[in-house]
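J.: The compositional bias 'Basic and acidic residues' annotation in Swiss-Prot covers 443-475. Summarising the annotation, Swiss-Prot assigns disulfide bond to CYS71-CYS144. Per Swiss-Prot, N-linked glycosylation site is recorded for ASN127, ASN249, ASN296, ASN310, ASN317, and the stated evidence type is experimental evidence. Residues annotated as sulfotyrosine in Swiss-Prot: TYR485. Residues or ranges marked as region 'Disordered' by Swiss-Prot: 56-76, 433-492. Look at Swiss-Prot and you will find 1-22 tagged as signal peptide.
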Amino acid sequence: MALLWGLLALILSCLSSLCSAQFSPVSTMEPLDLQLMDGQAQQKLPPLSLLKLDNQEPGGQIAPKKAPEDCKLSPTPEQTRRLARAMMTFTTDLFSLVAQSSTRPNLILSPLSVALALSHLALGAQNQTLQRLKEVLHADSGPCLPHLLSRLCQDLGPGAFRLAARMYLQKGFPIKEDFLEQSEQLFGAKPMSLTGMKGEDLANINRWVKEATEGKIEDFLSDLPDDTVLLLLNAIHFQGFWRSKFDPNLTQRGAFHLDEQFTVPVDMMQALTYPLHWFLLEQPEIQVAHFPFKNNMSFVVLMPTRFEWNASQVLANLTWDILHQPSLSERPTKVQLPKLHLKYQLDLVATLSQLGLQELFQAPDLRGISDERLVVSSVQHQSALELSEAGVQAAAATSTAMSRMSLSSFIVNRPFLFFILEDSTSLPLFVGSVRNPNPGAQPERKEQQDSPDGKDSFQDHKGLPRGDKPFDPDLKLGPPSEEDYAQPSSPK
């Protein structure tokens, strides 16, 4: 089972010297009950955003442009593919920068949550600010981007995802009605008033976060700027059960190789004949395997065969087309996968600036949100992952395949990257890297004979079933044909 949750925050604050002397009450501020949606009722989450007013002179009053009627239509297959490709490119851009600056051994973040936040902001962005947002998201869908992303998310993993959103506003803050309407329609974010009492507001916000993440994130905010005028919150909760569960009785302590010299002990989930589809990339040589969940999702492992790698190198040439392999068949495989418990929190201001969004934190044009001059002052993100044995028994057809002899092995006992992908579109929901799944343990020097040589996770190429080749023209090692499987003998 994989249990994931994510929260993103943008905050709008108002500089007291530039704000209107007195905001008049806004009647649209109504308390919003917790919205946790699953199945067809689920809605999108906007990340928690913190924005504040800067010292620019107010510009002309520009209402947010209403999206064309075409935006309200269901996305075409081609639009869905283009959006999924764009999201994968954004994901690799974002995670490469985060990995470069992080000193933590394990990372996890939700590019979907970040993209939802930026597309939410795009509802009120104008001119160059809007253009930069679309460029960073690699979006070519024009004004329909928030609508397409919203519709795509509503169709994700029925029963596995719960999405929640909330918006907090300072009483009387002059926000555009169109922005409020579209925020609720596309992201499920209704406005709720801040009381003006910091302690009470913090308690209310953190209580909502705790409920939306089922108690996994507590005390997300420790302070609230005195001049806060707007908070946009979203929470993503994903619970994925393995389509073929791991037997807890087979889980045992194993060695995870940190590098050529040291290992740490870790609980390894195991299966002798696990239905897996995998392939091998070269230059650099990377083993890729899709572990299927129910609800059309997969945990995708990318494991370089050498220790000397960084995320930027691995992701440099990784595209949507490489990971999207719907034609690959599953094969029974000997599998070892470490149990994981990851949590990571970071401020994304520097990373988003490096991606080209410096203007958001200096002088953005957000007059589609309010005629007041706003600037993004903080973007906080937190994600976590728990990986364990629980799953749902495979269907009869899969059980038959699993009864055949395993022809290969996929042993995840060295540093790796991972994605949580939606299978039909390969839309990335979460991305992360694991260099040490047990950072609290004392590394142990390993014996020479225990050192993996970079090939152990697959059988040596000489041992591949007949008909298989180490590399085919598109640099992928596909599963063998049906005739390569050992067939059970007929009972006499």
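Backbone N, Cα and C define each Cβ position, glycine as well.
Where in this structure would I find these features, and how exposed are they?
T.: Cβ neighbour count for CYS144 (disulfide bond): 20 (other Cβ atoms within 10 Å of its Cβ, all protein chains included).
In sequence order, ASP365 make up the list of same-chain residues 6 or more apart from ASN127 (N-linked glycosylation site) whose Cβ falls under 8 Å from its Cβ.
Secondary structure from DSSP puts ASN249 (N-linked glycosylation site) in a helix. Neighbours of ASN249 (N-linked glycosylation site), defined as other CB atoms within 10 A of its CB across all chains, total 8.
Of all Cβ atoms in the protein chains displayed, 17 besides its own lie within 10 Å of the Cβ of ASN296 (N-linked glycosylation site). A coil conformation is recorded for ASN296 (N-linked glycosylation site) in the three-state DSSP classification, outside any helix or strand.
Using a 10 Å radius centred on the Cβ of ASN310 (N-linked glycosylation site) and all shown protein chains, the other Cβ atoms total 13.
The Cβ of ASN317 (N-linked glycosylation site) lies under 8 Å from the Cβ of no residue that is in the same chain and 6 or more residues away along the sequence.
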J.: Measuring Cα to Cα, tell me the gap between CYS71 (disulfide bond) and ASN296 (N-linked glycosylation site) in whole angstrom.
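T.: Here the two Cα atoms lie 26 Å apart.
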J.: Spatially speaking, which of the glycosylation sites ASN249, ASN296, ASN310 is closest to CYS144 (disulfide bond)? Use C-alpha to C-alpha, please.
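T.: It is ASN296, whose Cα lies nearest.
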J.: Pop the Cα-Cα gap between ASN310 (N-linked glycosylation site) and ASN249 (N-linked glycosylation site) into the table, whole Å please.
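T.: Checking the Cα atoms of ASN249 (N-linked glycosylation site) and ASN310 (N-linked glycosylation site) gives a distance of 35 Å.
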J.: If you run the three-state DSSP split on ASN317 (N-linked glycosylation site), which class comes out?
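T.: It is coil.
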J.: Count the other Cβ atoms sitting within 10 Å of the Cβ of CYS71 (disulfide bond), across every protein chain shown.
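T.: CYS71 (disulfide bond) is surrounded by 19 other Cβ atoms within 10 Å.
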J.: With H, G and I counted as helix, E and B as strand and the rest as coil, say where DSSP puts ASN310 (N-linked glycosylation site).
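T.: SS state of ASN310 (N-linked glycosylation site) = coil.
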